[in-house]
Amino acid sequence: MIEADRLIHAEPQGIEERDEQIDRAMRPKMLDEYTGQDDSRAQLKIFIQAAQNRDEALDHMLIYGPPGLGKTTLAMIVANEMGVNIKSTSGPVLEKAGDLAALLTNLEPGDVLFIDEIHRLSSVVEEILYPAMEDYQLDIMIGEGPAARSIKLDLPPFTLIGATTRAGALTSPLRARFGIPLRLEFYNVKDLSSIVTRSANVLELPIDEAGAIELARRSRGTPRIANRLLRRVRDFAEVKHDGEITKQVAELALDMLDIDSEGFDYMDRKLLLAIIDKFMGGPVGLDNLAAAIGEERETIEDVLEPFLIQQGFIQRTPRGRIATDRAYRHFDIIQPEK
């Protein structure tokens, strides 16, 4: 789908090795370097210190929220703070029970196992996780047919960190086994401008405060998008200007990239205008809306909608999606009386 080609797409994208190295360099390594998410950060600091004082593995943690807010980064920070190794995988990759068993049996005491998109685990793999999380035991079947038998293997104490954009899609038994649930929220402009400034310093890129704020304002409250836009605005600044990112340079670059003052690109505008023009402002059902804009319903629900709802441009009602007054004002369209 065209969603994956969006510059402001918050999911990770296939990028060149150089950009991947830059992304890694821009990531904070410790909690003190991590900006925003103040409540979650404060809680995590206490939980980590308590686990270290007791010389225990940190309790299992579920990090959830919209894409691009730093779930993977936070998992790496936890491992760094605890001074342990981290092994990373994702739900769709773990197809068989043996895939998970291989990871679990190679963990050292206190290690972190990070599973991204944990809501996409198969039921077979999930069953293996239950005793591993609760009792640090692995139940596996040896042999087949009448000769098959179950054996238990002891595992070292470890921390499972699951990340998901859809916490509601987790089964209740799995969700209940996470002792530390952390919800990440969209970032405010102040925190996001601090992240932009820090990333610019890592890149040795001159940027003034107004330029960082303008970039932050159009980044949809999402650090991954902010860092991606920073790289593209850097290209513009180096080719068209003297290399420094000022407010004017940021505005010109982002306008050229078709990202408007609210951080919307053509897909956001297409979605909002479909509700306004094709469905008279709504309400409109998700399936009809997906067909109207040629996008998958999951993409609308998980990627496009959250920010638009949080910013007050769309309301989600039992009867469907409705465009708000703010959406009409954004396009200078007079809202019809109902």
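Placement of Cβ uses the backbone N, Cα and C atoms for every residue, glycine included.
Keep in mind the model is a prediction, meaning the values are calculated, not measured.
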Swiss-Prot has Gly68, Lys71, Thr72, Thr73, Glu134, Asp135, Tyr136, Arg177, Tyr187, Arg224 down as binding ATP; which of Arg27, Arg41, Arg54, Arg120 does it also list for that site?
Arg27
Since the record lists Arg177, Arg224, Arg316 as binding-site residues, which of them has the fewest other Cβ atoms within 10 Å of its Cβ?
Arg316
Nearest of the binding-site residues (Thr72, Arg297, Arg316, Arg321) to Arg224 (ATP binding site), judged by Cα-Cα distance
Thr72
Look up Asp135 (ATP binding site) in the DSSP assignment and reduce it to helix, strand or coil.
helix
Measure from the Cβ of Asp135 (ATP binding site) and count the other Cβ atoms within 10 Å, all protein chains considered.
12
To which of the binding-site residues Arg27, Arg297 does the lowest count of other Cβ atoms within 10 Å belong?
Arg297
Maximal Cα-Cα distance (Å) across residues annotated as binding ATP, namely Arg27, Gly68, Lys71, Thr72, Thr73, Glu134, Asp135, Tyr136, Arg177, Tyr187, Arg224:
37
Arg316 (DNA binding site) to Lys71 (ATP binding site), Cα to Cα, whole Å, comes out at 26
